[in-house]
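J.: Here it is, the structure, as structure tokens.
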Amino acid sequence: MSGIVIVGAQWGDEGKGKITDLLAERADAVIRFQGGNNAGHTIVRNGETWKLHLMPSGILYPGKTCVIGNGVVIDPKVLTDELDELRRREVDTSGLRISANAHMIMPYHMMLDDAGEARLGKLKIGTTRRGIGPAYADKASRIGIRVQDLLDEKILKKKIVAALEPKRLALRPYARDPRLDLQAITEEYLAYGRRLSEYIADTTSLVWEKLDKGDIVIFEGAQGALLDIDHGTYPFVTSSNPIAAAACIGSGVGPKDIDEVWGIAKAYSTRVGSGPFPTELHDDIGEDLRRRGGEFGTTTGRSRRIGWLDLVALKYAARLNSLTALVVTKLDVLSGLDTIKVCVRYRGEDGAEFDTFPYHQTVLHHATGDYVELPGWSEDISDARSEDELPENARAYLRYMEEAIGVPIVLISVGPGREQTMWTEAGLATAPGQTVAAG
Ligand code: GDP
Ligand code: IMO
Ligand code: MG
């Protein structure tokens, strides 16, 4: 196996950072292929916490090739701050490579994100306000600024003028804002270009080279399948494709370069921002799971909405991504419940049943879950290190999940720490990092 894609199988924050870090030990490169600093990927190692927004989650291995691919949108201030912070903590970031074709998030993108949300009022998407949507919109409109443009003052200035022109009306409230001064933006971004120039590369060729040698390359997704702009709960989605297919586009490889697709799913569901969430809990159980799971956004600090495990959505994500394996995280958070509910189908307003994910927004907005109830367990499982140390009911819960989704569970996570992880039998048979994890 050479190309492994790691994707979120729910609404984001499934623990992609933790799992990517774990697998990266055996990989030769880790590449981010979409999204931007709307992502917040947490790694906890030896009690130390790392919150990454743009940096691929392989960066904690000294000198590991970590690529920010062409499909990512980059806020250079966030990236340089992240680099500074990593260096301050004595992390060797020399393996970082940034695609010259990746697009930049500009100051006006953040303003437009804010203005767009304000304009939508009650209908707002609940974006991270990082300028993600407007940056991807400019990319599609072919007036985006790319990393390579930061290396040439004349080109940069011309492109900023062209990008600002159609936005004049929308930016009128910011007319006197110093952040919109053409010369100031140009100088600021040229300075970022100088700072980042040592990392800028033809990352597509770099990834080809690694794959052609048979090196292991991890494609690290951000967000999750239900936030996909085409296949998620539009318009309450992000502005990129967090599904596995985008790993190819966002890095420049073909589908045949992908050997494995691992979906990361929590043992329950969460969502940040607006939009349909059929299994959402509005009671004490939800409150308790939020508290015990520390369900507050890594990027914005917002409370995450909590819900029961949603098998309708997960089966949809499994098919959309061609998942070859499933990783279940946060199983520890479910400890202490007498019974655990699992959503097996949706029910529409008129009582209609949906065994598969409904494409129609209206149906989805009114859908509620039909549940099976499984017996819970009371034990603290955060110290379990192998499946046979888990209570029988926890194992039965995982088996139920696995059979319903039809994808083998390879890895189970029972805490934020790197060591709070166990490989299943299926995982030990197939996983690239298994000898490391087992030892
Ligand atoms: P990502 O965006 O998919 O990388 O996920 P986030 O890092 O935003 O959110 C996952 C959160 O859960 C982080 O705070 C992790 O440290 C934490 N976490 C990951 N796996 C587990 C687990 O198995 N149990 C618990 N309790 N926390 C976990
Ligand atoms: P990671 O990679 C969870 C959500 C926002 C909002 C919607 C659109 O950490 O899993 P955007 O700023 O992208 O235009 O916001 O998408 N969202 C995420 N939710 N995890 C993320 O990333 C997210 N990135 C964006 O909350 O609902
Ligand atoms: Mg996150």
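Glycine is treated like the rest: Cβ placed from N, Cα and C.
From a predicted model like this one, the values you see are computed outputs, not experimental measurements.
In case it helps, TrEMBL gives these features for our protein:
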type: BINDING; residues: 12-18, 40-42, Arg304, 330-332, 413-415; note: GTP binding site
type: ACT_SITE; residues: Asp13; note: active site, proton acceptor
type: BINDING; residues: Asp13, Glu14, Gly15, Lys16, Asn38, Ala39, Gly40, His41, Thr128, Arg142, Gln223, Thr238, Arg302; note: IMP binding site
type: BINDING; residues: Asp13, Gly40; note: Mg(2+) binding site
type: ACT_SITE; residues: His41; note: active site, proton donor
type: ACT_SITE; residues: Lys139; note: active site
type: BINDING; residues: Thr298, Thr299, Thr300, Gly301, Arg302, Ser303, Arg304; note: substrate binding site
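Help me picture these features in the structure, burial and contacts included.
T.: The Cβ of Gly40 (IMP binding site) has 19 other Cβ atoms within 10 Å, all protein chains considered.
DSSP gives Asp13 (active site, proton acceptor) a coil state; it is part of no helix or strand.
Cβ neighbours of Gln223 (IMP binding site) (same chain, under 8 Å, six or more residues apart in sequence): Gly8, Trp11, Gly12, Gln34, Gly35, Asn38, Ala39, Thr238, Ser240, Pro242.
Annotation for Asp13 (active site, proton acceptor): spatial neighbours Gly40, Gly224, Lys266, Thr270, Val272, Glu295, Gly297, Thr298, Arg304, criterion Cβ-Cβ under 8 Å with sequence separation of six or more.
Other Cβ atoms within 10 Å of the Cβ of His41 (active site, proton donor), summed over all protein chains shown, number 25.
For the recorded site, Lys139 (active site), the DSSP three-state label reads helix.
Classification of Thr298 (substrate binding site) by DSSP places it in coil, neither helical nor stranded.
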J.: Other than its own, how many Cβ atoms are within 10 Å of the Cβ belonging to Asn38 (IMP binding site)?
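T.: Step by step: centre on the Cβ of Asn38 (IMP binding site), count other Cβ atoms within 10 Å, giving 29.
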J.: Filter the recorded positions His41, Thr128, Gly301 down to those whose C-alpha lies within 10 angstroms of the C-alpha of Gly15 (GTP binding site); answer none if the list is empty.
T.: His41
J.: Where ligand 2 binds, which of the recorded positions Asp13, Gly15, Thr128, Gln223, Ser303 are close by, with Cβ under 6 Å?
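T.: Correct list: Asp13, Thr128, Gln223.
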J.: Relative to ligand 1, which of the recorded positions Gly15, Gly40, His41, Gln223, Thr298 have a Cβ found under 6 Å from one of its atoms?
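T.: Checked recorded positions vs ligand 1; flagged Gly15, Gly40, His41, Thr298.
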J.: Please identify, among the recorded positions His41, Thr299, Thr300, Gly301, Ser303, the one with the smallest Cα-Cα distance to Val414 (GTP binding site).
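T.: Comparing Cα positions, the closest of these recorded positions turns out to be His41.
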J.: Compared by Cα position, which of the recorded positions Lys18, His41, Lys139, Leu331 is the closest one to Arg302 (IMP binding site)?
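T.: Going through Lys18, His41, Lys139, Leu331 one by one, the closest to Arg302 (IMP binding site) is His41.
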